[in-house]
Amino acid sequence: MGFRITTWNVNGIRNPFAYPPWRDQRTFQAMFDILEADIVIIQETKIQRKDLRDDMVLVPGWDVYFSLPRHKKGYSGVAIYTRNATCAPIRAEEGVIGVLSPPKSSTSFRDLPKDQQIGGYPRPGQLSGVVDEAILDSEGRCVILEFPAFVLLGVYSPANRDESRDDFRMGFLEALDVRIRNLVAEGKEVILTGDLNIVGSELDSSNVAESLKKNDITMEEWQSLPSRRLFNQLVFGATVSGNRDEGREQPVLWDLCRCFHPTRQGMNTCWDTKKNTRPANYGSRIDYVLCSDGLKSWFVDANIQEGLMGSDHCPVYAVVADIVARTSRDIPLLDIVNPPGMFKDGQRQREWGQKDLLPLSAKLIPEFDRRQSIRDMFTKKTSNGLNSSVQTPTTQSTTAPQTSLEESVGSDFSRISSNGTAVECSIAKKNGPSGDAIPAAINRSPKQTTAQKRSADSPGTADATTKSKRSKLITDNAAKNKVAPGQRTLQGFFKPKPTSSTKREEDAASVTNSTVPTSPAQAALASTVAPTNRSPAKHKEGTPPPRSELATPVEWQEKVFDPIEAKESWSKLLGKRVVPRCEHDEPCISLLTKKPGVNCGRSFYICPRPLGPSGEKEKGSEWRCGTFIWSSDWNGSSS
Amino acid sequence: MLEARLEQADLIKKVVDSIKDLVQDCNFDCNDSGIALQAMDNSHVALVSMMLKAEAFSPYRCDRNIALGVNLTSLTKVLRAAQSDDILTLKAEDTPDVVNLQFETSTNDRISEYDLKLMDIDQEHLGIPETEYAAAITMSSTEFRRICTDLAAMSESVSIDASKDGIKFSANGDIGSGSVTLRNNTTLDDKSKKDNVEINLSEPVSLTFSLKYLVNFCKATSVSSTVTISLSNEVPLLVSYDLGSGSYLRFYLAPKIGDEE
């Protein structure tokens, strides 16, 4: 079945939970099980230490290592989850260079005693030093785990955003390159995973041609851009123009997805959400699983999972065989992705225990450390149907430490009970309209109800009414966000009120216009000026009040504040704008100009469809058409 | 049919306020002996147990067992409409969809009435065994709150050591360490009685707890001038606020496992 390593830039650690299939259970355990992964590397967690929650740290059967930014909040961030049942790292580090220090220590990783180091730290002179070392490792972009078989780097490399970040980006990539080469030189095998934010070759991106045109560079120049050149010198089989740089004479990593899919086009892992380019697969391949030469033969598969939603990236994985060739003989992988002695010949020799936790494990963050469940400290009073139906935690991973074992039981309970409720609800829905359910509900004794409410596996008809009421409550809540029923709209107040309104409007007139003279004649004089000067809405409409209404002052003033007219002007202001339609005759979407320049901040309308595979607006195709209308040039209105 | 009249709405207001951050939804279980509540927090580390005895109400009537499933945030919203010294009456049918809350000014000249929708809550009920605690400290509730908040500034957890020398709360954190030691101090003087510290110790005990939760418990300080903290090995810590006439608000907290090696 293999040992699967999955990397995914999730764009916010909870982001996937908004999408199927993750949204059904909304737990990391379920997510990782669906991914069928043994190690999951997550980038762009976008979370602060203080916002870490039980459900993301105390994942039953999993351990986790975070690297979060020191200063910028809710940005970047890398996490590696490891499945306790199949693997356990022997060392863990944060940062590429090793300048950071383990929790509760002031000694940096690279200054630890040799036997506690992962090694391969850049030596003096190996880095250009344009950006300070401490800053390079301060953004939560790298977690490194060491297993007896290999060193695994989980990386979120800086994006190529603007020139102000170029130094940082190159500094980071340079440090990563040096570290990997050093590790390989020391004889360690390396797996590099993550969102590297580098397109290796023309085959790996849909927009190379566009980018050449935009930046006015040749293909060769594009190939030689510093970050791409660095990456291609690192990877076997990549094109490097001209002579290789000093210290980068040999490639050291295999691009596993390409190894298994050497000529596949459109193998994109990242798309532009704003432009909605995923449907037409106009994107680029910037998420990788790379391995050093000695490991290449271990891998049996590598691919992208472009069908899995949840982020602007898709998961990318590689699978290691269960039995791998090492030096002279074949060896079960489990023996060498766990601490020595934990597995022998693929059989577990001892359980994973609390003391196997490495200092960097998030489970040791004070808030989560040594957690104990109060539920287990009290014996349960009643073991009703629901509880007894859950058997002892034999099915759960036997490798979990005591605490997480308890946690896993806990989550089992809750999952089953929530399933139970779901079943009940659907039954209730079925029974709701049927006639006999209601009398049954009336006859029940309250005690019975309570009992049945609690037991999920015997949902009688008696539950029907209660349950349906509950679901009703939920819909009520959902409706609360919209305008509450019975809430009148502002427009309602501007309906004509022929009789009683006269006096009020008279008052209003004297309030709004203190210069209106009191005598009717003078009032009449002033009023001919008033509408044009004072009410811009009317002015726009160009409908001056009819002169014929000047008969009596009262009647005349009523006309100045003509309720129907006022209503129209209000609805003009408040009414919903009719959006233009594109060439597909679909309502356009409105966007705001972000590009600096004279038009920055102006909104405009374009076709709502996703961008086509060409990356350009297309004429007469099913993809985005050329419709473009400045919002200020569009006068559509509903009234 | 439930009908319970409380002279001072204040009591319920304060109780609900002090637990609403720990528990979101819970059942108020009503029977002929009173109104009880038991709920765990999301992480299953702490447990709230409240008992309002029938004697706390006048009159109190509840013929059948009724579970009122309430969202505490919603309940807080309704209770905000009550003045502290309003007379509060709770009413519910035998199989209720709503609970009715009536607030009446003490002068009887203003009556407001609210119906709060109920929900079905599948709640697990833990049997809390009667326990002989190795150590029990009764002290001023404001003093206990002060100790918790002061030490929370130092560390995430506090270790509580009860020995014959007294009771010591100590916290060890990144910026340093701190501790507060209390000794037995009982005077019969009524005036300073609330500052008494009464320690009952049958055997020394030392346990570590999360301060985040203790600080949270201390939101109940306003419900009672004194608090009793009870500890034993292998048993959750009990922080108990007495509400008079047998009623109480109790918090239980699971200690942190083992000691650091």
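Each residue's number is its place along the chain shown, starting with 1.
Each residue, glycine too, has its Cβ placed from N, Cα and C.
Quick look at what TrEMBL lists:
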BINDING   A:Asn9, A:Glu44, A:Asp195, A:Asn197, A:Asp312, A:His313  Mg(2+) binding site
ACT_SITE  A:Tyr156  active site
SITE      A:Asn197  site 'Transition state stabilizer'
SITE      A:Asp287  site 'Important for catalytic activity'
SITE      A:His313  site 'Interaction with DNA substrate'
REGION    A:380-550  region 'Disordered'
COMPBIAS  A:388-404  compositional bias 'Low complexity'
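Positions of the features from TrEMBL, shown on the structure.
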residue  : record                                  : DSSP (3 states)
A:Asn9   : Mg(2+) binding site                     : strand
A:Glu44  : Mg(2+) binding site                     : coil
A:Tyr156 : active site                             : strand
A:Asp195 : Mg(2+) binding site                     : strand
A:Asp287 : site 'Important for catalytic activity' : strand
A:Asp312 : Mg(2+) binding site                     : coil
Between A:Glu44, A:Asp195, A:Asp287, A:Asp312, which of the recorded positions has the fewest other CB atoms within 10 angstroms in the structure shown?
A:Asp312
Sort out for me which one of A:Tyr156, A:Asn197 has the most neighbouring CB atoms within 10 A, since those are the recorded positions we care about.
A:Tyr156
Identify, in sequence order, the residues in the chain of A:Asn9 (Mg(2+) binding site) that are 6 or more apart from it along the sequence and have a CB within less than 8 Å of its CB; answer 'none' if there are none.
A:Ile42, A:Gln43, A:Glu44, A:Tyr156, A:Gly194, A:Asp195, A:Cys270, A:Asp287, A:Ser311, A:Asp312, A:His313
A:His313 (Mg(2+) binding site) has its Cβ surrounded, within 10 angstroms, by a count of other Cβ atoms equal to 24
Residues other than A:Asn9, A:Glu44, A:Asp195, A:Asn197, A:Asp312, A:His313 within 8 Å, Cβ to Cβ centroid, of the Mg(2+) site?
A:Asn11, A:Gln43, A:Tyr156, A:Cys270, A:Ile286, A:Asp287, A:Ser311
